[in-house]
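Student: Can you keep this structure in mind? I'll have questions shortly.
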Amino acid sequence: MRDGMNSRILLDAAKSCILASSPVFRRQQFLIRCVGGSTDQRDMQALRSLEVDSQSIIRAITPALDPTRHKGQAGNIAVIGGCREYTGAPYFSAISALKIGADLSHVFCTTDAAPVIKSYSPELIVHPVLEESYNVGEEHKSSIASKVLAEVDKWLERFDCLVVGPGLGRDPFLLDCVSEIMRHARQSNIPIVIDGDGLFLVTNNLELVSGYALAVLTPNVNEYKRLVQKVLSSEVNDIDAPQQLLSLAKQIGGVTILRKGNSDLISDGDTVKSVSVYGSPRRCGGQGDILSGSVAVFLSWARQHILAADSNSNIRFKNPTVLGCIAGSAILRKAASLAFSNKKRSTVTGDIIECLGKSLEDISPAS
Ligand SMILES: NC(=O)C1=CN([C@@H]2O[C@H](COP(=O)(O)OP(=O)(O)OC[C@H]3O[C@@H](n4cnc5c(N)ncnc54)[C@H](O)[C@@H]3O)[C@@H](O)[C@H]2O)[C@@H](O)CC1
Ligand SMILES: Nc1ncnc2c1ncn2[C@@H]1O[C@H](COP(=O)(O)OP(=O)(O)OP(=O)(O)O)[C@@H](O)[C@H]1O
Ligand SMILES: [Mg+2]
């Protein structure tokens, strides 16, 4: 009996050793650490105490479908992104804005990407205005940059929010032009959601967003790591994730940051909120793009709602960028959950986009 027990203990120990040295196991442990998946009870409790009632926020800020309203009042969004490599990301972001309920959705992309993005959907207004270095001779760079800016400026004042970065690429000439567009948007007080390669640009040029309360950064695990290293000169701290996020947002002058992960954490340097609505175990590319388009619309609605709120309403004291992040995160996660219940392992980003309407309808019915 005793011998049997000893050999079982030895067998278990051997199994643990084999498991711990297996590359698959080590990769899983690495990923758990990367996405902040600490199982520490105190961490879980701390996160639970930050959880917000996202459904009430969505109900409060979603505008009624009022017959007196005209086209554009429910939101006019522009995505700056789309290059030779990436045409899916700007499409996902822009179409998600429409499916949430914006009236108009534009894409400003490179001349190469435009015909491709136009062919995905006639709903989007696609402007082939950006250029990458390979298409522009050194001697023409300055005149092309002025032309790009003039093209975007013609439209800028009409937009309720810009999304900068989905599928933008990292070409230096293109990023210089986009920096100028961001400066103009900032002068005009237009909110800017920054994602993907827009975060690469901003991390290396923090002055573009520093101190701009209408800027929202939506980093994934890698983008967050780069931001923390650059701004706080430290590594990501998953043990005290809310405190580190708060410091980061404060250090960049009160921008709002949505740190994507197992739970989405949101901070504007004053408060930290968490959205842990059940989402999906599928991690197909493009979900962050749905999020950026959704946040842009909800942020615009939150601003409108706050402007129109009467003096007794306590929503007037809330930050619209934080409200937009909470609502966008909760809707994306609910849509991802719905899509997964239908499509399981074959769930792709398009399936999640198809569930955005039902997800919002369940929370805030159209009539
Ligand atoms: N269909 C498309 O056109 C898409 C284009 N995208 C664009 O692609 C560009 C680069 O974005 P990326 O998200 O790839 O850049 P990242 O710097 O986040 O990712 C680079 C690498 O990190 C890995 N990685 C990503 N998330 C991870 C996680 N949670 N844990 C461990 N490793 C992880 C990825 O597999 C990839 O190899 C952006 O412009 C983005 O907008 C993406 O939005 C996805 C969809
Ligand atoms: N580990 C996770 N568990 C549950 N949900 C997650 C997890 N990681 C991310 N998400 C959800 O997916 C959304 C997109 O996050 P993700 O990290 O995939 O962004 P991304 O890498 O920028 O995506 P994209 O492929 O569009 O660039 C987040 O808002 C979050 O709600
Ligand atoms: Mg992304």
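Using the three backbone atoms N, Cα and C, a Cβ is placed for every residue, glycine included.
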Student: Same (6S)-NADPHX site as G167, N220, V221, N222, E223, Y224, K225, R226 according to TrEMBL: which of D112, D268, D270, D289?
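Tutor: Answer, per TrEMBL ((6S)-NADPHX site with G167, N220, V221, N222, E223, Y224, K225, R226), from D112, D268, D270, D289: D289.
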Student: Going by Cα-Cα distance, pick out whichever of the binding-site residues K260, D264, C284, G286, G288 is nearest to K225 ((6S)-NADPHX binding site).
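Tutor: For K225 ((6S)-NADPHX binding site), the spatially nearest of the binding-site residues is K260.
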Student: Quick one: Cα separation, G286 (ATP binding site) versus G167 ((6S)-NADPHX binding site), in Å?
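Tutor: Rounded to a whole number, the Cα-Cα distance is 10 Å.
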Student: Including all protein chains shown, what's the count of other C-beta atoms within 10 A of the C-beta of D289 ((6S)-NADPHX binding site)?
Tutor: 31
Student: I need the CA-to-CA distance for V221 ((6S)-NADPHX binding site) versus N262 (ATP binding site), whole Å please.
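Tutor: V221 ((6S)-NADPHX binding site) and N262 (ATP binding site) have their Cα atoms 10 Å apart.
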Student: Does any of E223, R282, C284, G288 have a Cβ within less than 6 Å of an atom of ligand 3? These are the binding-site residues; tell me which, or none.
Tutor: G288
Student: Tell me, how many other CB atoms lie within 10 A of the CB of D264 (ATP binding site), whichever protein chain they belong to?
Tutor: 24
